[in-house]
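Participant: Checked TrEMBL, it gives:
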| type | residues | note |
| --- | --- | --- |
| ACT_SITE | CYS359 | active site, nucleophile |
| BINDING | CYS234, ALA235, ALA236, PRO237, GLY238, ASN239, LYS240, ASP258, ASP285, ASP305 | S-adenosyl-L-methionine binding site |
| DOMAIN | 126-425 | domain 'SAM-dependent MTase RsmB/NOP-type' |
| REGION | 307-327 | region 'Disordered' |
Amino acid sequence: MALYAAAAAVLAGVENRQGSIKGLVYASSFQNVKPLYALVCETQRYAAVLDAVIASAGLLRAEKKLRPHLARVLVYELLLGKGFRGGGGRWKPLLGRHQARLKAELARLKVQRGVSRNEDLLEVGPRPGSVSQVPRFVRVNTLKTCSDDAIDYFKRQGFSYQGRASSLEDLRALKGKYFLLDPLVPELLVFPAHTDLHEHPLYRAGHLILQDKASCLPAMLLAPPPGSHVIDACAAPGNKTSHLAALLKNQGKIFAFDLDAKRLASMATMLARAGVSCCELAEADFLEISPTDQRYDRVQYILLDPSCSGSGMPSRQLEEPGPGRPSRERLRALAGFQQRALCHALSFPSLQRLVYSTCSLCQEENEDVVWDALQQNPGSFRLAPVLPSWPHRGLSTFPGAEHCLRASPESTLTGGFFVAVFERAEGPR
């Protein structure tokens with residue numbers, strides 16, 4: 001139906017800053033302005049709710065030709081509007097295949113936020129309730145111990161081990177002194193939200209690393225084998241560096257760079273406590289590191305987690321534009337630095353695999369940076385298709401963006417995060 005396509009086009013235009021809702025509606029070729037304007041406004045008002053439901057239901061993963069903005073419009077009509085207009089055309093049977101799951105996810109969202117009406121989801125907002133549901137993730141540091149020993153220790157302290165989780169539902173249901181092994185990330189224990197382990201003896205001894213699940217993805221997906229040479233380009237505070245060292249089994253070399261001397265000092269203490277011995281720390285600007293320096297001849301793996309707006313962090317989640325969203329100027333400056341850092345990293349001659357990650361929800365720092373790097377390196381690198389079962393994919397802003405991963409409290413029970421994995425499409429230069 002033309003109305004839905006027109007509404008999706010307006011929403012895309014607003015997101016890409018091509019104009020206001022009213023201006024884009026009146027500039028549309030769709031003749032009946034009033035229902036178009038109403039549909040766009042209501043869909044935009046419920047955007048965060050719709051995105052959470054769509055991600056949890058796996059709609060875009062199942063219907064690969066369905067674009068995100070159109071999906072929002074159609075799911076709004078199905079769940080929150082007055083039903084499909086004019087029979088719904090070809091969209092009604094398509095959404096009908098997913099109707100039960102979409103309705104179930106909307107109902108689950110209401111239960112999570114303790115509301116009964118659709119409008120109350122707007123009043124509560126997605127962030128405080130959803131963030132409070134994020135479990136406590138604890139990575140077992142395999143340089144010092146193993147999962148079995150850590151699990152036995154917690155059991156002796158009165159915790160009840162429930163085995164490996166089979167789904168996000170198992171994680172959502174955690175409470176009391178129960179804990180699980182994460183279904184995806186090896187050596188990642190999962191405790192109920194608000195479990196405080198900062199004074200736990202295993203944490204203080206470096207046997208455990210308190211690290212969100214999404215933050216574990218970059219090192220896990222980079223997957224350097226023992227003996228590799230790796231660059232951690234913007235390394236502090238060091239959780240990902242320690243994860244890389246564990247994957248390397250302290251065999252090989254990590255070149256870790258950061259400009260902040262105080263953060264590097266804290267990082268050195270943390271790595272020593274974690275038993276990391278394969279890391280060379282340097283107070284340096286990664287952009288000033290020469291890719292032709294012989295010290296980096298064997299670097300085949302780079303982890304780049306640059307400075308970002310932090311809009312995905314629990315304390316600063318900004319899923320939709322508002323007063324707290326980073327200013328356009330700040331986003332432009334951050335994205336400029338991120339683009340330079342990514343293109344610089346891709347210029348290392350022996351590089352085979354790179355992970356780019358941020359704790360930002362902003363397209364400017366994520367998909368836009370990735371697409372810019374791909375365009376500047378045509379034919380040299382491609383996005384690796386990773387974790388096909390991950391429910392929240394990259395925004396469909398360029399071909400292949402579905403290979404990127406996004407994370408959020410609503411869709412993945414983690415902090416907000418973005419990950420893209422680059423792999424060389426040709427031999428080393």
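All residue numbers here begin at 1 and follow the chain in the order shown.
Cβ from N, Cα, C; glycine included.
No curator has checked TrEMBL annotations; they are predicted automatically.
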Participant: Taking the residues the record says bind S-adenosyl-L-methionine (CYS234, ALA235, ALA236, PRO237, GLY238, ASN239, LYS240, ASP258, ASP285, ASP305), how far apart in Å are the two Cα atoms that sit farthest from each other?
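Facilitator: Across CYS234, ALA235, ALA236, PRO237, GLY238, ASN239, LYS240, ASP258, ASP285, ASP305, the two farthest Cα atoms sit 19 Å apart.
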Participant: Do me a favour and check the Cα-Cα span between ASP285 (S-adenosyl-L-methionine binding site) and CYS359 (active site, nucleophile); whole Å is fine.
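Facilitator: Here the two Cα atoms are 20 Å apart.
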Participant: Tell me which of the binding-site residues CYS234, LYS240 sits in the most Cβ-dense spot, judged by other Cβ atoms within 10 Å.
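Facilitator: Result of the Cβ crowding comparison: LYS240.
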Participant: Compile a sequence-ordered list of residues in the same chain as GLY238 (S-adenosyl-L-methionine binding site), six or more apart from it, whose Cβ lies below 8 A from its Cβ; state 'none' when nothing qualifies.
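Facilitator: GLY238 (S-adenosyl-L-methionine binding site) has long-range Cβ partners ALA256, SER266, MET267, MET270, LEU271.
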Participant: Report, in whole Å, the straight Cα-to-Cα distance of ALA236 (S-adenosyl-L-methionine binding site) from the residue listed as 'active site, nucleophile'.
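Facilitator: Rounded to the nearest whole number, the Cα-Cα distance is 14 Å.
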Participant: Sequence gap of 6 or more, Cβ distance under 8 Å: name the residues on the same chain that satisfy this around ALA236 (S-adenosyl-L-methionine binding site), in order along the sequence.
Facilitator: ASP258, ASP260, ARG263, LEU264, SER266, MET267
Participant: So what's the average pLDDT for the domain 'SAM-dependent MTase RsmB/NOP-type' (126-425)?
Facilitator: 92
Participant: Ranked by the number of other Cβ atoms within 10 Å of their own Cβ, which of the recorded positions ASP285, CYS359 ranks first?
Facilitator: CYS359
